[in-house]
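Q: Heads up, here are the entries from Swiss-Prot:
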MOD_RES   4  4-hydroxyproline
MOD_RES   5  4-hydroxyproline
MOD_RES   10  4-hydroxyproline
MOD_RES   15  4-hydroxyproline
């Protein structure tokens, strides 16, 4: 699943971030 937008960035490994 995708990270919520506030989680995207350094440390987020989701391909949709």
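Placed from the backbone N, Cα and C atoms, the Cβ positions cover glycine too.
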Q: Give me the CA-CA distance between residue 4 (4-hydroxyproline) and residue 10 (4-hydroxyproline), in Å, as a whole number.
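A: That separation, Cα to Cα, works out to 13 Å.
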Q: Within 10 Å of the Cβ of residue 4 (4-hydroxyproline), how many other Cβ atoms are there?
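A: The answer is 10 other Cβ atoms.
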Q: Provide, as an integer number of angstrom, the distance between the C-alpha atoms of residue 15 (4-hydroxyproline) and residue 5 (4-hydroxyproline).
A: 13
Q: Within 10 Å of the Cβ of residue 10 (4-hydroxyproline), how many other Cβ atoms are there?
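A: A 10 Å sphere around the Cβ of residue 10 (4-hydroxyproline) contains 5 other Cβ atoms.
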Q: Hey, what's the Cβ neighbour count for residue 5 (4-hydroxyproline) at 10 Å?
A: 8
Q: I'd like the number of other C-beta atoms within 10 A of the C-beta of residue 15 (4-hydroxyproline), please.
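A: Neighbour count, Cβ to Cβ under the 10 Å cut-off: 7.
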